[in-house]
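*Asks:* Copied straight from Swiss-Prot:
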DOMAIN    3-166  domain 'EngA-type G 1'
BINDING   9-16, 56-60, 118-121  GTP 1 binding site
DOMAIN    218-391  domain 'EngA-type G 2'
BINDING   224-231, 271-275, 336-339  GTP 2 binding site
DOMAIN    392-476  domain 'KH-like'
Amino acid sequence: MTPVVALVGRPNVGKSTLFNRLTRTRDALVADFPGLTRDRKYGHANIAGYDFIVIDTGGIDGTEEGVEEKMAEQSLLAIEEADVVLFLVDARAGLVPADIGIAQYLRQREKTTVVVANKTDGIDADSHCAEFYQLGLGEVEQIAAAQGRGVTQLIDQVLAPLGEQLNADQAVENEENSANEEADEWDTDFDFENEDDTALLDEALEEETEESIEDKNIKIAIVGRPNVGKSTLTNRILGEERVVVYDMPGTTRDSIYIPMERDGQQYTIIDTAGVRKRGKVNLAVEKFSVIKTLQAIQDANVVLLTIDAREGISDQDLSLLGFILNAGRSLVIVVNKWDGLSQDIKDQVKSELDRRLDFIDFARVHFISALHGSGVGNLFDSVKEAYACATQKNSTSMLTRILRMAADEHQPPLVNGRRVKLKYAHPGGYNPPIIVIHGNQVEKLADSYKRYLSNYFRKSLKIIGSPIRIQFQEGNNPFAGKKNKLTPSQLRKRKRLMKFIKKSKK
């Protein structure tokens, strides 16, 4: 399961700055769910090879009536959900009573807590941070979140002790990256025009991903806003009342994993808690965790994003969709409650979906009624199609041919007067499909050309329902950093030119 890291502390100690640094976004948001609690933000991060979910909370100000009684509820829930709590303090402001109160609360919760002294740039960090050892929470880590100094080392030290939970995630990533490393080693020795050489490379790449592809149990996560019919759809798929259904948002509090078999194929259906709007649910229902939904997305092979046809697509849906795409999961759009709508309303809903979801035209869209069962059976065809596309094996020779066809039809743009050269492509991973393109100056390719390549590969490989990721590897220049040694005649000529230039300036 993806680990969870919560950022807590007083106001203005740099929690949001660190959140932005970890999630690599400037809007403090990778998956924003306004209304879960007023100031909590969720994001997906990958630092030092570790995948994790990070929670940014509002500042805790307990200086007036005590932290124990006035701890902000969003921070309380974040602490409960987290595997590790990063307790941020301000190294410049020093230790204040609110820090002591927060530390006392954290010690009572017996959560893995790391004290992080932020804003250590431009000061004698060791002397300023010494007083934070009074908090009794162990070592004090020093960072400067605004500049990013110490952040990678912090995450490496914090997440490494989680052991097996993280090793499994890191092993999957290593499997995807190992193919890239092998191809880099063979770049100069292999002839990618030679079928025997490319066959050997493909065989090596297959060994890295064979185990994950051969897992035939397809995990399907059903996600969406509250009361869009997720549990009703789950029960309709299962053919029995396995999940409580009630016409009130927030009935499902946790992610429920249910195994099933259909036409000889093993599935695991994951019914998740809804992601609700601000002020739409009462305090008792607010205790369910959206973290479970985010983790279910990470754990799934295919995600069914369920939308209420009567309410249309909302910003909540788009936020959730962004998290699904960032996680690289296959996607099927399910528009529920389609029954009983007039043809004019149906046309209006379809037009709105086309307008707001034009950037995911690769995903199948199904219009169903989970209550009556119409259209539900067709979902499995799209699920199997998306999973097959996400895990299909492509040879190096095929990908290289497609790359050259794309370059022939639309040549890469000039960079500083030189044409970007695309050498070859090979598979770099599966679920989602990763294509690694090697060449010269590829890091300078315009985003528009990268999108062109992505769309060209998708069309050529007929990938439906799955995002596709393209990574670029710069070819090593053997002459980089080297200077030609001038001959004596060249040195004399250079001196004459320098003298001429100096005289001209006078």
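The backbone N, Cα and C atoms fix where each Cβ goes, glycine too.
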*Asks:* Counting every protein chain present, what is the number of Cβ atoms, excluding its own, within 10 Å of the Cβ of T272 (GTP 2 binding site)?
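*Replies:* T272 (GTP 2 binding site): 27 neighbouring Cβ atoms within 10 Å.
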*Asks:* Reduced to three states, what secondary structure does DSSP give G224 (GTP 2 binding site)?
*Replies:* strand
*Asks:* Could you say which of the binding-site residues N12, I60, G224, K230, W338 has its Cβ with the most other Cβ atoms inside 10 Å?
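*Replies:* In terms of Cβ crowding, the pick is K230.
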*Asks:* Between C-alpha atoms, which of these binding-site residues comes nearest to T120 (GTP 1 binding site): N227, K230, T272, W338?
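*Replies:* Nearest by Cα distance to T120 (GTP 1 binding site): T272.
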*Asks:* Return the average pLDDT for the domain 'EngA-type G 1' (3-166) as a whole number.
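*Replies:* In the predicted model, the domain 'EngA-type G 1' (3-166) has a mean pLDDT of 78.
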*Asks:* When the number of other CB atoms within 10 A of each residue's CB is tallied over all shown chains, which of the binding-site residues T120, N227 has the maximum?
*Replies:* T120
*Asks:* Take the C-alpha atoms of T57 (GTP 1 binding site) and K230 (GTP 2 binding site) and report the distance between them in angstrom, rounded.
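*Replies:* Checking the Cα atoms of T57 (GTP 1 binding site) and K230 (GTP 2 binding site) gives a distance of 28 Å.
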*Asks:* Counting by DSSP, what is the helix, strand and coil composition of the domain 'KH-like' (392-476)?
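*Replies:* So the domain 'KH-like' (392-476) is made up of 32 helix, 26 strand, 27 coil.
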*Asks:* Suppose we draw a 10 Å sphere around the Cβ of T57 (GTP 1 binding site). How many other Cβ atoms does it contain, all chains included?
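*Replies:* Step by step: centre on the Cβ of T57 (GTP 1 binding site), count other Cβ atoms within 10 Å, giving 25.
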*Asks:* Tell me the Cα distance separating T272 (GTP 2 binding site) from K15 (GTP 1 binding site), rounded to the nearest angstrom.
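*Replies:* Given the Cα positions, K15 (GTP 1 binding site) is 28 Å from T272 (GTP 2 binding site).
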*Asks:* Excluding near sequence neighbours, so keeping only residues 6 or more apart in the same chain, what lies with its CB under 8 A of G9 (GTP 1 binding site)?
*Replies:* K15, G59, I60, F87, L88, V89, D99, I102
*Asks:* How many neighbouring Cβ atoms, not counting its own, are there within 10 Å of the Cβ of K15 (GTP 1 binding site)?
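*Replies:* There are 27 of them.
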